[in-house]
Amino acid sequence: MSYFRAENLSLHFGGLKAVDAVSFAVEKGEILSIIGPNGAGKSSIFNLISRIYRPTSGRIFFEDQDITEQPPYDIAKLGIARTFQNIELFENATVLSNLLVGRHRHSTTQLWQELLFLPSVRANEKVHRRRVEQVIEFLDLEPYRDKLISGLPYGVRKVIELARALCSEPKLILLDEPSSGLNVEETDDMSFWIRDMKSELGITVLMVEHDMTLVNRVSDRVIALNYGRVLAMGSPAEVQQHPDVVAAYLGA
Amino acid sequence: MRFLFKTDYEDDIRLFPHSGYAVSYGLLIAVLLIAPYVLSSYLMSQLVFVCIYATVGVALLILTGFTGQASLGHAAFLAIGAYTAAYLQKYNVPFPIYFLAAGALTGLIGALVGFPALRLQGIYLVIATISFAFIVEEILARWESVTNGNEGMRIKTLSLFGVAVPRDSPMFYFLCLGVLVLTIVGTLNLLRSPTGRAFVAIRDSETAARSMGVNVALYKVKSFAISAAITGFAGVLFAHKLSFISPEMFTLQLSIEFIIVILIGGTFSLHGAVLGAIFIVMIDPFLTYLKDDMPGIIAGVAATLGAGTETAGNIQSKVAAFASLNGLKGAIYGIIIMLFVLFEPLGLYGRWLKIKLFFQLFPLYKRATFKRQKIYVKSERNR
């Protein structure tokens, strides 16, 4: 059985088939990239997995558990974290509190304990803080700990979003265009981090990406989509030479 | 200027970042403790109202400032707290019990209001809370067997463990101050725990909060319940302070006053609730002063400028007529809100921080430090 599996996943908006009977599987510990022209349904697949949309039909399995009907907040509790294409950070909070929200799925304290800030809450906070610090170190975010998000440049925000997802200690991470808007060096950093996430932290990565250099460098396998359908699946080189993929990008 | 060197995770958690805070807040508490033995009874009474309004302000900050859910229904929560106290007092329930009962009942009703509010955003939520407030007002006026209808209810002197605490005694002031301080400390504790961070997350991006595992619906309801419960506690004190309550005290205008408290104080910090409360309590006597003395002063000025006695008298009566116009107070409140939103969106506390920074950086302060500018605009958001 595969680690993560989508079976005949469809999402229809009226007559528009944004995602049309897509099936794929992600193996534990691999980096799988989804590519495709604009409007191919890549981000829609992510939004289906994190339950922002409800699939028209099809099922999603994670660790042999059917998660199609889980409420959206439970998806994170299962160990699936994600980033967004158009950064969704908590703008008027500090970097540190943004990252601590990433720890939310690990919080165990009750409201009344928090009102009194009992020693157990304090101890938990320190554990959260230590984990957050590990992520800060991993992604070189030390200069920004107490900065407000609203004052930070785009490239840093992108990394902070990745950091927030990592803070939840996910088993599977969904990266929605991690390199969009980044310059060449920042994209390089991103590719190292993605590979380190796999090798050092043992996280399985599912990623939507347009930058083929990054895709080639990090992916174990690639899926190409167009008009909501799978065109090709395989190693990066195979997919790029697939005639349907070439046609989709360059026109027939 | 002081630089903080953090050497321990504890440094990010503690309430006072450095010893300077402990000293200044200690001094403030000391001043507040000796206040009743120094100030006139009129000012003391105003100070009690500041405490009560600030408590409601903190409650509203939790809901509006930190969870991002606007409410124009807090007068109704205050009314429910006040009437619960008045009703239970009739049956000789002791103060600690009806105090807690009022908070619990208001919190429960707050949660019930929270459920329909889950589907509403922005202006629609404001309308929903206004209609809730009208419903409560109407119920208070009609349910005569419990609330005594429009005749209102009288509240007996507060008795705490057999000791009478009159509403103008120092003891009553200490009680209100204690409730305020406990509310503030509890709220600060909440804000440095997962629940408080979840509130802020919901305010800034519900989609992201959800994808981080925050049960948005549950936390919104929690926020409504906590905010309502605190307002309920304040309602009990409010009822005791006024010693008489009737439905027309808890109108939309009172809800708007609470919104003014946080808007003018500053919606990003609990300091704002206290500063805003001082502002709103002190503006009333100020307006009364203007109303009483302004016509005379303007007429005097006109007379010195060479106007005849008759013209000056005319001016005086015209100004007096204007000053006693119906709804003038509401209009002034409206103007104040607009001016603050336009020119000082961070409120009085924001202004205070700017002044503080000016002196910390003294010769090097740059005028553009707080210039507002759009740095980055979101193109598309998942709602």
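Each residue, glycine too, has its Cβ placed from N, Cα and C.
Copied from TrEMBL, the annotated features are:
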- B:21-39: transmembrane segment (TRANSMEM)
- B:45-63: transmembrane segment (TRANSMEM)
- B:95-115: transmembrane segment (TRANSMEM)
- B:122-143: transmembrane segment (TRANSMEM)
- B:171-191: transmembrane segment (TRANSMEM)
- B:212-238: transmembrane segment (TRANSMEM)
- B:258-282: transmembrane segment (TRANSMEM)
- B:294-312: transmembrane segment (TRANSMEM)
- B:332-350: transmembrane segment (TRANSMEM)
Any contact, the transmembrane segment (B:171-191) to the transmembrane segment (B:122-143), with at least 3 Cβ pairs under 8 A: no
Positions whose Cβ lies under 8 angstroms from the transmembrane segment (B:332-350), at least six residues beyond its ends: 253, 256-257, 259-260, 262-269, 271-272, 275-276, 279, 283, 287, 372
Which of B:21-39, B:45-63, B:212-238 contacts the transmembrane segment (B:258-282) most, counting Cβ pairs under 8 Å: B:45-63
Tertiary contacts of the transmembrane segment (B:21-39) (same chain, 6+ residues out, Cβ under 8 Å): 15, 47, 170, 173-174, 177, 181
Chain residues outside the transmembrane segment (B:45-63) and at least six past its termini with a C-beta under 8 angstroms from it: 35, 39, 69, 71, 74, 77-78, 167-168, 172-173, 176-177, 179-180, 183-184, 187, 190, 199, 223-224, 226-231, 233-234, 237-238, 241, 257-259, 261-262, 265, 267, 270, 272-274, 276-278, 280-282, 285
Long-range environment of the transmembrane segment (B:212-238) - Cβ separation under 8 angstroms, sequence gap at least 6: 48, 51-52, 55-56, 58-60, 62-63, 66-67, 69, 71, 74, 77-85, 98-99, 102-111, 113-115, 117-118, 175-176, 179, 183, 190, 195, 198-199, 201-202, 206, 245
